[in-house]
Amino acid sequence: MDAYELITRNADEVVTEDEVRTLANDPEGKRAYVGYEPSGVLHIGHMLTATKLIDLQEAGFEVTVLLADVHAYLNDKGSFEEIRETADRMQAQFIAYGLDEDKTEFVLGSEFQLDEEYTLDLHAAELSTTLSRAKRSMAEIQRGDHAKVSQMVYPLMQALDIEYLDVDLAVGGLDQRKVHMLARETLPDLDYEVRPALHTPIIADLSTGVGKMSSSDGVTISMDDTTEEISEKVNDAYCPPTADPEPTDDGEDRENPVLQLFKYHVFPRVSTVVVERPDEYGGDLEYDSYEALEAEMESGELHPMDAKGALADALDDLIEPGRRKLDA
Ligand code: IYR
């Protein structure tokens, strides 16, 4: 796989492809980052972007993980003290999950976001951004009448982080695209360069295949799940024998979250997936690519129940090192 393919594989969106191609021409020592509001334990959303960071490290990038304590504070996630304790625990989990300790720098937002220069740049960004533009960059759920001023400042700070962390590439889930678009407009206003961004897909709700898998409501896979919990969640998952399910009766898009997890979470980390089956049902199946697994599910050779068993085992193996860290 060439560097561009490795850097962009499984990304839902690359902004812009030309800019990332330029990075891919000489990836050694280039810098990428993802930011996370410290909260709870790692869940599948964190792990998907972390998987992309692992791809980038393999391609030669140095990686910064921003533990965005100030952002979490602005988003009403608790006191600084609570947020920072969570940040420490998250850092240990990211390493356990497989980020290369020597090529990963963990930075707390408050280490630079409270400096005078940053603050003055933030005010300059506030001055060059209309309220309606800032509002458009906010998450959908925050945009009502109860939105706080802090939540409008938040995306502007995220844009500035790209400059202050001196990164060549910003990575995030597709839910970060609005902020990254704002950054493309805001940074040049402050005479800073635009940097490309890469967005990972959002996994659908595990039990319905509709909307997004979320830790706040619905079922998610977390690092503190027991083997039994994972197995239960996966066995109850929505999994028709196709990667392209029909929309719901209300016309909502549906995905197959079991296949999405194989594609975006398991195969980037595991070279072969073995589906165990008793001999009377044809014996074990082995797949060395997501495409091969998808094809056999669609043809009927691989039954969704058997695929779920293999998925639960693979998820369990991937979170096991982090789970041990939590217990320690
Ligand atoms: N908005 C992210 C957290 C975050 C990401 C980056 I990239 C930053 O520079 C700062 C914060 C979230 O929703 O978790």
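Note: Cβ is positioned from N, Cα and C throughout, glycine not excepted.
Residues or ranges marked as L-tyrosine binding site in TrEMBL: TYR33, TYR154, GLN158, ASP161, GLN176. Secondary structure at GLN158 (L-tyrosine binding site), taken from DSSP and collapsed to helix, strand or coil, is helix.
Around the Cβ of SER215 (ATP binding site), the number of neighbouring Cβ atoms within 10 Å comes to 16. The feature ATP binding site is assigned by TrEMBL to SER215.
Sequence-distant contacts of the motif ''HIGH' region' (38-46) (same chain, at least 6 residues past either end, Cβ-Cβ under 8 Å): 67-69, 72, 77, 83-84, 86-87, 89-90, 93-94, 97, 173, 202-203, 213, 215, 220-224, 261, 265, 322, 326. Here TrEMBL flags 38-46 as motif ''HIGH' region'.
For the motif ''KMSKS' region' (212-216), the list of distant contacts is 40, 43-45, 175, 202-206, 222, 257: same-chain residues at least six beyond its ends, Cβ to Cβ under 8 Å. Under the heading motif ''KMSKS' region', TrEMBL lists 212-216.
Its own atom aside, the Cβ of TYR33 (L-tyrosine binding site) has 25 Cβ atoms within 10 angstroms in the protein chains shown.
In this entry, TYR33, TYR154, GLN158, ASP161, GLN176 make up the residues listed for L-tyrosine, with the farthest two CA atoms of the set 17 Å from each other.
For ligand 1, the neighbouring binding-site residues among TYR154, GLN158, ASP161 are GLN158, ASP161, by Cβ distance under 6 Å. Spacing of TYR33 (L-tyrosine binding site) relative to SER215 (ATP binding site) is 22 Å (Cα to Cα, whole number).
Same-chain residues at least 6 positions away in sequence with a Cβ under 8 Å from that of GLN176 (L-tyrosine binding site) are, in sequence order, GLN158, ALA170, ALA197, HIS199.
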